[in-house]
Structures are given as structure tokens and as C-alpha cells.
Amino acid sequence: MSALEKSMHLGRLPSRPPLPGSGGSQSGAKMRMGPGRKRDFSPVPWSQYFESMEDVEVENETGKDTFRVYKSGSEGPVLLLLHGGGHSALSWAVFTAAIISRVQCRIVALDLRSHGETKVKNPEDLSAETMAKDVGNVVEAMYGDLPPPIMLIGHSMGGAIAVHTASSNLVPSLLGLCMIDVVEGTAMDALNSMQNFLRGRPKTFKSLENAIEWSVKSGQIRNLESARVSMVGQVKQCEGITSPEGSKSIVEGIIEEEEEDEEGSESISKRKKEDDMETKKDHPYTWRIELAKTEKYWDGWFRGLSNLFLSCPIPKLLLLAGVDRLDKDLTIGQMQGKFQMQVLPQCGHAVHEDAPDKVAEAVATFLIRHRFAEPIGGFQCVFPGC
């Protein structure tokens, strides 16, 4: 649920489909596995990557909200992971396994409001201020007055929320900040194209396997391993569908509308409702969140983000899928040494899913360089050239 075209630069809300002419290059090459071999698009449970799951209750003026978190690790600093728009905490699954094997740290991957399995009283409020407060409230609920050292790591929308959280001092024990493929300039440029991208996505899927297959073949996620666990957090069963009779019984072809003879409007309306129900039966999965309806918040997530990021008085890391992502403010800041930057080429917008080992290596090196964490085994830091 989140993807954006290269023509939009960084689809700042969801992850974007493959770069024109290349989306197929990496994923397409992997698709051709020889005669008689089929790729496995079946979903994988979160428990293969995280050690535990917890629903954190937070009291606020609107009532009690419940935030889903997935956790791993028992010592070292906490890496608090914030996903992009439309994604969920499960997008960090493969990265979690990779980083835990490199440095001593604890992982807390959070489903932001209206995403994943988090349940809030006011799910329509996706303002940067509200979501930043959510992050602070979850930290307080989990750790009380003595939170451990925490590094915020966010992808796309989650990166913006991480910056807003840091700049508002909502996490008192914050020691570091990492943004993944989110830059104010390119994000703002992409907003005009975002609705067109969202309209171009499938509205429904006939099974979880179908959703996973689409995410990989469209280039939204270029890593099948990650897609098999991540897409489970992006889609849900359509309302009114309690239990499909299994993916094998679901129609494989595309439902085609029959041409109708002229009839009364009442008859047509009745038939349309019946068609909608049939569509739900045959395509029982849809997106968990309608990103198009969050448009009024997009500007608030990203406007002023570069200066907010630069002003945070803590060590900072910026990971990008391409050097062309940098805007003027960040280019100047990078030249002045205000943050560490690393470019991870041959990735789509979902950098941490497409190249989880490379992202884990970059984050682990950052943690060790600043003496925030201890390496595990024979992990060797690889210092980037930029």
C-alpha cells in the first residue's frame, strides 16, 4: 500500500512501483526461474522474524487507544521503527532479523494509527502532530519515566513522523535519528501525482497470495521474502466477508461486467449491489487504509521537514535510494557534515524491504561509530563514502 513512481521521484506516502525500465529489471530477472518452477507467494507469519507482539494501551482525551508493536532483542538501545504510509510494522520484519544479528539492540516496530492492527478512537486524524504524540505516548506507556536509550528510524511518512517526534522532544531518551528515503523537496513535488498513483492500484485482491504477487510484480516491494510478511499488514478482509472458502475456490479470472439491457433504475441499482457483493466474495481482500482520504494531511507531514531534521541536536542518518533525492537544504547540510548520508542504489522506495541487509549494515555501522551499541560476532563496520 504504499509505492510511488520514479516520475514522482519519491512517492512520499506509500512505497512506489519500480523505476520505469528498471522495475522489471531486478524483479523481472528473479521472476524467470526456469521451466516448471513457481515462486511461493504464500504469506509468512510475523513470528518468523519478531520474538514477541504486544498491544500497548494509551489513555488520552478521546478514550483508550491500542497500538500494536512487534519486538525483538533484550539488551542495548531500542530502535523504534516507524513505517511508511499504507504499510505496517511488518515492513520491518526482514530488517529486524538482519540488524539483531549484527549489533546488540532491541527492536520495537510500531503500527501507526489507522495502520496495521492498531485501533484508535479517532482513526481519521493522521496529522503529523497527532502521530508524533502517539509515538511519545507509546514510549511512555511501555517504559514509564525511565525509558532506555532510543533511536528513531522511519521510512517515508514514518521518517517524517520520526522527525516531528524528535523536534518536539516527545522521546526524552532519544540518542539518534534515521530517515529512510524521505526528503522534503521531492516529497512536496510528488504530492500532485499521488492521487493518480493511488487510483491506479488494484482496489481488491482475490487472496493474500494474489496481493503478495501483485506487490512484487508491480515493483512496490522488490524482495519477495519481505513481501510475504509485509503485505499481510497492508490488506484486510472486505467488510461483510467473514471467511472466504479458501484461495483455491476463489475465481482466478477478472470479473467482467455483462452488458445490460435498458431497465428501470431500481433494477439496475439492485443488480449493482449484487455485483458488488459478488466482487467481494471473489476478491475478499482490500487495503487496510484508504490513503486517498488522507490527502489533507500530506502537506503537514513534509513541509519544513528538511530544516526540522537538520535542527535536531542528535546524530542523524539519511538513507536514500538515489542521490537525486536530495533537496537544496539537505544538500547544504550534508556538505556541512550535519548528518551522515548513504545511498543504496538498485532499490525502490521501500529501501529497507528491498535491501534489508544493506540497511541493517548502514544502521549497525552508525550505532557502532557513535558507540550506541556493541557489535555481535565478527560484524565489521563498513563506512560509506558519502
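Glycine residues also receive a Cβ, built from the backbone N, Cα and C atoms like all the rest.
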In Swiss-Prot, the member of S15, S114, S218 to which phosphoserine is assigned:
S15
Look up S42, S243 in Swiss-Prot and give me whichever carries the note phosphoserine.
S42
Under DSSP, is S156 (active site) helix, strand or coil?
coil
Determine the Cβ neighbour count for D181 (active site): the number of other Cβ atoms within 10 Å of its Cβ.
28
Pick from S42, S156: which of these recorded positions has the biggest number of other Cβ atoms within 10 Å of its Cβ?
S156
